[in-house]
Amino acid sequence: MQFKNALTATAILSASALAANSTTSIPSSCSIGTSATATAQADLDKISGCSTIVGNLTITGDLGSAALASIQEIDGSLTIFNSSSLSSFSADSIKKITGDLNMQELIILTSASFGSLQEVDSINMVTLPAISTFSTDLQNANNIIVSDTTLESVEGFSTLKKVNVFNINNNRYLNSFQSSLESVSDSLQFSSNGDNTTLAFDNLVWANNITLRDVNSISFGSLQTVNASLGFINNTLPSLNLTQLSKVGQSLSIVSNDELSKAAFSNLTTVGGGFIIANNTQLKVIDGFNKVQTVGGAIEVTGNFSTLDLSSLKSVRGGANFDSSSSNFSCNALKKLQSNGAIQGDSFVCKNGATSTSVKLSSTSTESSKSSATSSASSSGDASNAQASVSASASSSSSSSKKSKGAAPELVPATSFMGVVAAVAVALL
């Protein structure tokens with residue numbers, strides 16, 4: 001097999017001249033045109049004498065194993081895909097790829113070695129159902145996506161300090177990751193990986209969006225600001241401790257974490273959008289949000305909690321729904337908050353196991369009743385239906401997960417009670 005676009009005549013002549021007149025036959029740079037495709041090791045051997053290749057290189061076809069020798073830089077992208085017989089690949093001399101490193105649909109690939117790779121724009125590893133090892137010396141990258149692989153470790157990314165996108169999903173044998181990331185300018189997402197995934201992002205100070213699903217343990221020891229949305233959905237976390245976090249710019253969602261019994265956000269003062277805590281069956285005492293002062297959207301807290309401490313709350317620009325099945329929960333403090341004008345949206349609902357209070361803030365009528373009065377049923381019925389939608393949508397099937405799990409969502413802000421529920425429901429689809 002031949003390259004679709006072979007080395008340029010200039011590069012070949014350069015190599016020949018060096019072979020005739022020098023002790024080395026390695027040209028400093030070889031151009032492969034805009035792009036070239038290699039379907040055999042013999043094709044790769046033609047450029048093995050180059051320290052730099054210019055252009056986009058694609059490797060595909062029936063290769064049992066393949067290697068790029070001597071090449072230190074690719075001024076372009078390297079794509080390895082759709083090779084049903086490729087079992088291993090190595091390019092241990094490459095230090096820099098100015099474009100992307102793409103590996104996709106390599107069904108028997110067990111190892112990929114880029115031991116010297118320090119810089120790349122993006123790495124995309126998708127549908128690698130046999131891979132067990134992937135090694136790099138990565139220091140700089142903009143985007144990392146690892147999806148549908150059998151990797152047990154992604155330590156090849158552990159030294160990265162900053163990225164735009166870090167998305168690790170549907171890797172069923174991946175159970176732990178310890179990161180050195182300090183900032184994420186677009187999104188950090190972990191979802192549908194191993195059943196007992198343990199994560200540590202203790203150097204992370206700032207992120208734009210964070211969404212975690214199907215995680216067993218998480219540590220954010222230094223996180224201070226989330227510029228947009230923060231979501232913890234369908235996890236098996238026993239606790240959440242984000243004690244350095246002071247601001248979430250848009251929505252904060254803690255939904256369907258069945259084993260969560262403690263949430264500590266002791267320095268959080270501002271949630272810029274919707275704020276929802278829902279369907280966390282073991283979360284009986286919610287006292288870790290006692291410094292929250294403003295919520296820029298709606299607020300919803302539903303579950304079986306007996307204690308809810310929002311003692312610093314001064315302003316909710318949307319509606320409010322507080323619904324506990326525990327008869328030990330008291331609405332008194334929240335009703336006082338509403339009567340003082342802090343709830344600025346179109347409705348206020350507060351229920352416990354025995355009483356219900358519903359207020360249509362757009363009108364002058366207010367009703368309180370025992371055991372679900374008619375006015376409360378009207379106002380909170382839609383909320384119950386919406387919350388059921390949240391619960392029903394909290395997981396979707398994934399072909400590579402052991403259990404049904406959904407893709408990581410982008411959570412959006414809301415400006416009313418129904419808005420925040422609808423926003424989270426849409427996000428979880």
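Just so it is clear, glycine is given a Cβ too, placed from its N, Cα and C backbone atoms.
Here is what Swiss-Prot records for this protein:
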SIGNAL    1-19  signal peptide
CARBOHYD  Asn21  N-linked glycosylation site
CARBOHYD  Asn56  N-linked glycosylation site
CARBOHYD  Asn82  N-linked glycosylation site
CARBOHYD  Asn196  N-linked glycosylation site
CARBOHYD  Asn209  N-linked glycosylation site
CARBOHYD  Asn227  N-linked glycosylation site
CARBOHYD  Asn234  N-linked glycosylation site
CARBOHYD  Asn241  N-linked glycosylation site
CARBOHYD  Asn267  N-linked glycosylation site
CARBOHYD  Asn279  N-linked glycosylation site
CARBOHYD  Asn304  N-linked glycosylation site
CARBOHYD  Asn328  N-linked glycosylation site
MOD_RES   Ser339  phosphoserine
REGION    361-410  region 'Disordered'
COMPBIAS  361-401  compositional bias 'Low complexity'
LIPID     Gly406  GPI-anchor amidated glycine
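Structure with Swiss-Prot features highlighted.
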residue : record                      : DSSP class
Asn56   : N-linked glycosylation site : strand
Asn82   : N-linked glycosylation site : coil
Asn196  : N-linked glycosylation site : coil
Asn209  : N-linked glycosylation site : strand
Asn234  : N-linked glycosylation site : coil
Asn241  : N-linked glycosylation site : strand
Asn267  : N-linked glycosylation site : coil
Asn279  : N-linked glycosylation site : coil
Asn304  : N-linked glycosylation site : coil
Asn328  : N-linked glycosylation site : coil
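Candidates Asn56, Asn82, Asn241, Asn267, Ser339 (recorded positions) were compared with Asn279 (N-linked glycosylation site); none lies inside 10 Å Cα-Cα. Within the same chain, residues at least six positions away from Asn241 (N-linked glycosylation site) with a Cβ under 8 Å of its Cβ are Ser219, Phe220, Lys262, Ala264.
Here Asn209 (N-linked glycosylation site) is compared against the recorded positions Asn82, Asn227, Asn328, Ser339, and the shortest C-alpha distance is to Asn227.
Of the candidate recorded positions, Asn267, Asn304, Ser339, the one lying closest to Asn234 (N-linked glycosylation site) when CA atoms are compared is Asn304. Cβ contacts within 10 Å of Asn56 (N-linked glycosylation site), excluding its own Cβ and spanning all protein chains shown: 21. Note: the CA-CA distance between Asn304 (N-linked glycosylation site) and Asn227 (N-linked glycosylation site) rounds to 30 Å.
Taking each of the recorded positions Asn227, Asn234, Asn328, Ser339 in turn and counting other Cβ atoms within 10 Å of its Cβ gives the largest count for Asn234.
Long-range Cβ neighbours of Asn196 (N-linked glycosylation site) (same chain, at least 6 residues apart, Cβ-Cβ under 8 Å): Asn175, Asn216, Thr236. Counting other Cβ atoms within 10 Å of each Cβ, the glycosylation sites Asn209, Asn267, Asn279 show the lowest value at Asn267.
Secondary structure at Ser339 (phosphoserine), as computed by DSSP, is helix.
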